[in-house]
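Quick notes on the structure that follows.
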Amino acid sequence: MLEIKKNISLKPYNTFAVDGEADFFVEIQDEQDIFDLISTDVFTTQPRFILGGWANILFTKNYTGLIIKNSLLGKKIMKEEDNKIYVKIWAGENRHEAMMRALEQGYVWGENLVLIPGEVGAAPVGNIGAYGKEAQDIIAEVEGIDLETKEKKIRTNDECKFAYRESIFKHELKDKVIITAVTFVFEQQSPDYFPNIQYNDIQDIIWKQCIDPTAISAQEVADIIITIRQNKLPDRTKTGTAGSFFKNPVVSKEQFERLLVTYPDLKWNETHHHGSIAFKLSAGQLIELAGYKGKQEGAVATYDKHALVIINTGGASGSDIRAFAQSIQKKVLELFAVSLEPEVIIL
């Protein structure tokens, strides 16, 4: 039975652990709940926000409107062909656990995405990624219900318009579709398997543990990345954080070359932007060079082990965290003429 609640605290629904209230709050537990919700006066008259990724959001004030919490659960093997398996996973399932289940069954390409907190339904929205892999690399299709037409639609990978931390669900279809499930495609690990392990952090552990990079398994890659993330990120059960707060900025070749003259040790990856060669920089390094690593203002700070991570040390408000993030943006812009864009959704 669908239940719309009033004046609900949002503190349990954001990993920054900031206070705030929603005028209305509803939890979707099956697809019929969605259709029932669409018919209510609250849905038709109130602003709404679909809470599909509670680990990547910052509430800066009370929410005037309806918060929709996606809690759809389930998984199903859709098909197996050659060495591939297509697995449909409902939106409310834990993302890390979904990647680990695939690994345990001998399927690869989710190993770089382990231990990224949040739920499956949020993966395509922000095209989550880490260590050289993105959700778009393993998403076959995304299923959702259109909140205006009340129709269920399946979108292919191409139709999702994926880009770096972007998708159609973040722009054209923002708050217009509730994602119900995502179909991932995994491959059975084969003798010619070679993962994305070029990042220095991964290479350091491979070297220290004397692992043969030509014979490394997907499970070993996952274990390494879990170790790295546990070392770099605070314990979310004890410290309020959303992990990486900003996207890694992409700059033109000309700007990159100018920066390199003054900062020859810049971390970078070559990429393409609007059809031209561009360079993705490390937001964490820029923040550290700006003097913000471990810096604290009131109850807000950057984590002392990773400058890209903003933390609530206890008692900070969402507006406090936003102001601190804005001060970082201002300083980085002054020093490097580089704009940092939040990866976290700010409401």
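Any Cβ shown, glycine's included, is placed from N, Cα and C.
The active site annotation in TrEMBL covers R165 (among others). R165 (active site) falls outside any helix or strand according to DSSP and counts as coil.
With a cut-off of 8 Å between CB atoms and residues at least 6 apart in sequence, the same chain places A283, G284, L308, V309, E343 near S244 (active site, proton donor), listed in sequence order. Marked as active site, proton donor by TrEMBL: S244.
What TrEMBL lists as active site is E343 (among others).
Residues or ranges marked as domain 'FAD-binding PCMH-type' by TrEMBL: 18-189.
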For R165 (active site), the number of other Cβ atoms found within 10 Å of its own Cβ: 18
